[in-house]
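Peer 1: Next up is a structure, given as structure tokens.
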Amino acid sequence: RLFDQFFGEGMFDHDLLPFTSPTISPFYRQSLFRNFLDSSNSGISEVRSDRDKFTVHWDVKHFSPDELSVKVIDDFVEIQGKHGERQDDHGYISREFHRRYRLPSTVDQSAITCSLSADGLLTLSGPNPAGGPNGRSDRSIPVCR
């Protein structure tokens, strides 16, 4: 899992007012695990590559399928998301991200699929056939709901 991918989540109180007083024990200051705890339910991607298939999951709950672009270019898969300014609970916000991951050489790029669940989880998967490396080409992958 990659824990540094927040796709437009709000700020937390401790992001704005960290403990800065020198009289406070260091044990009560920002925890090393704070980012892990805060990210447990937002903006995380998970990459898995096992013997049968390669899978990537992204939390893109703030984007609709037409605001997402998924492409395979050479040995990489690229995902981009962008939406214009819209109103939320705290005012107006626009979001944009771009991620790029290297595909294992055994993934059959022509069989890669991508789907978006109702709760905003984007899943890309491709089989790892036993035949070894496959031909490489550039192509766009449609995001299906």
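Cβ coordinates are placed from backbone N, Cα and C, and glycine is handled just like the others.
So Swiss-Prot lists the following for this protein:
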| type | residues | note |
| --- | --- | --- |
| DOMAIN | 35-144 | domain 'sHSP' |
| BINDING | HIS83, GLU85 | Zn(2+) 1 binding site |
| BINDING | HIS90 | Zn(2+) 2 binding site |
| REGION | 124-145 | region 'Disordered' |
Peer 1: What same-chain residues, at least 6 away in sequence, bring their CB to under 8 Å of the CB of HIS83 (Zn(2+) 1 binding site)?
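Peer 2: Same-chain residues close to HIS83 (Zn(2+) 1 binding site) (Cβ under 8 Å, separated by 6 or more) are HIS62, PHE63, SER64, GLU67, SER94, ARG95, GLU96.
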Peer 1: How many other Cβ atoms sit within 10 Å of the Cβ of the residue listed as 'Zn(2+) 2 binding site'?
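Peer 2: That number is 8.
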Peer 1: Kindly report the helix/strand/coil residue split of the domain 'sHSP' (35-144) according to DSSP, in that order.
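Peer 2: Counts, helix then strand then coil: 13 helix, 58 strand, 39 coil.
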Peer 1: Once near-sequence residues are set aside, which residues in the chain of GLU85 (Zn(2+) 1 binding site), 6 or more away, have Cβ atoms under 8 Å from its Cβ?
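Peer 2: Long-range Cβ contacts: TYR92, ILE93, SER94.
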